[in-house]
Structures are given as structure tokens and as C-alpha cells.
Amino acid sequence: MANNEGIDNSFLDTVKFDAKGLVPAIVQDHETGKVLMMAWMNRESLEMTLERKKACYWSRSRNKLWLKGESSGNMQDVYDILIDCDGDTLILKVSQIGGACHVGYHSCFYRRVLENGNMEICDTLMFDPEEVYGKKS
């Protein structure tokens, strides 16, 4: 049974953005709990995500809003958003269309570290990034 006593229900005012106005968002498959990726959100991307129910992030490399799947078609339908006890980290539970990772895998966490220190691929390749984004020059 949920107990809402003492909880400030104003979500956006509860989020503690860092000095750059960002908060980390861990993205999970809403059915399996599998971690798909980690991305950054600012207030505007979070508001857009809440409004559209499609994941929108802040691209630090491009310095602009990034609607996930906008160029690749690999959208994320948002089912749930959780906030941690400190208010400084989010979890987005999504339905992933295609791969979450820009290199083509279902999850960005597609490499497992072995006991000997080597790595192995532990996930499914969903698409060829050159076909989706074009060849890197």
C-alpha cells in the first residue's frame, strides 16, 4: 500500500538538476527491467518527455534537445518515470523501438567484462549504424 504522506508531489520542482542544469536518466525496458542506456535531461527535455510520452534528452555533444529516435526511428515510448531518494537521478521505463544504442545494439551496455579482463558482446545487434546514420568520414 502506497503512503503519500510527507511526499512533495510537484515532480519538476523536486528534480535536483546539477550546476549545468542536467540530471542523469537511466533508461530501462519497462517489461524486462533491462538497462538500455544512460542519458542526460534538462528541464525542457523532461517537460517534453512528460508531454509527449516519448523520451527526449539533452545532447551534451550537440548542445541541443535530442528526441530519441528522431533520425534513426528507434523511438522510446515512456511508460513510467521514477526519481531517486535524493532527487538527483531518474529512471525512465520505456518500450524501445529498435536499438537504443547508436552503434546498433539493443542496449548501450552490450559488452560484458570477463574474469580475465577481456570483453565479449552480450547483446543483440538490432541495426547497421552505417545504414541508419551514414558512413563516418
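Here, residue 1 is simply the first one shown, and the rest follow in order.
Placed from the backbone N, Cα and C atoms, the Cβ positions cover glycine too.
According to Swiss-Prot, the features are:
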type    : residues              : note
BINDING : ASP84, ASP86, ASP88   : Mg(2+) binding site
BINDING : CYS85, CYS101, CYS108 : Zn(2+) binding site
| field | Tertiary neighbours of CYS85 (Zn(2+) binding site) (same chain, Cβ under 8 Å, six or more apart) | value | none
| Which residue, of the binding-site residues ASP84, ASP86, ASP88, has its CB surrounded by the fewest other CB atoms within 10 A? | ASP86
| In angstrom units, rounded to an integer, how far apart are the Cα atoms of ASP86 (Mg(2+) binding site) and CYS101 (Zn(2+) binding site)? | 28
| said: Under 8 Å between C-beta atoms and at least six apart in sequence, can you list the same-chain neighbours of CYS101 (Zn(2+) binding site), or say none if there are none? | reply: LEU36, MET37, SER107, CYS108, TYR110
| remark: Three-class DSSP assignment, CYS85 (Zn(2+) binding site), comes back as coil
| remark: If you count the other CB atoms within 10 A of the CB of CYS108 (Zn(2+) binding site), including all protein chains displayed, you should get 18
